[in-house]
Amino acid sequence: MLLARAFARRSLRAGLWCRQKHTLPDLPYDYGALEPTISAEIMQLHHSKHHQTYVNNLNVAEEKLAEAKEKGDVSTIISLAPALRFNGGGHINHSIFWQNLSADGGEPEGELLAAINRDFGSVENMKNQLSAQTVAVQGSGWGWLGYIAEGALQIATCPNQDPLEATTGLVPLFGIDVWEHAYYLQYKNVRRIMLKPSGISLIGRISLQGSMQQSKNATSCSGA
């Protein structure tokens, strides 16, 4: 219940419960652009089916929330918290995820590279730690590279679709989806193959400032 209330407060501040409907964001690349690491079939299903379902269900939950608030129906407001957390988190997480991926791959540079070297010793160390912790997620969830307000980078995992910032306070920089729909058609049950450090090189050249703005966009109606 405390987590649900915390999520509700953060989501409200972020503009997640706004009146216009959330929409599925366009991808900045074709479905086949990430092959062979991620197949076109997985990308098409993941984006147009799974993410779209989170968007649809989030809109339904927000409509029910608005009705309950107008009626002063506190019981219904409370009962909607899990749906808002799950579908709102799914929408936020995937909106960040698509922007993290790059057809050309690439390595961190500039401000982000300096922060990674400071906090992990090297990019390779960061990738290895991120891969190991993400592979170890039990069931469905996400692995994240994020940072705290002071700027220190941390690796964290979240179960299901729990959004990183609302759950841990970390601002998300780079996320890895380890729900089976993200890899099973291609990698079957061998999750670790997808998460070997060479696969994580799909990470683009992102900056701390750019990623902060990306996270803010992912929680707004206009950016969704």
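Quick reminder: no glycine exception, Cβ is built from N, Cα and C everywhere.
What Swiss-Prot annotates here:
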BINDING   H46, H94, D177, H181  Mn(2+) binding site
TRANSIT   1-20  transit peptide
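H94 (Mn(2+) binding site) has a Cβ environment of 26 other Cβ atoms inside 10 Å.
A Cβ within 8 Å of the Cβ centre of H46, H94, D177, H181, the residues given for Mn(2+), is found for these other residues of the same chain: H47, H50, H51, F97, W179, A182. D177 (Mn(2+) binding site) falls within a strand when secondary structure is assigned with DSSP. Just so you know, the Cβ of D177 (Mn(2+) binding site) picks up 22 other Cβ atoms within 10 Å once every protein chain is counted.
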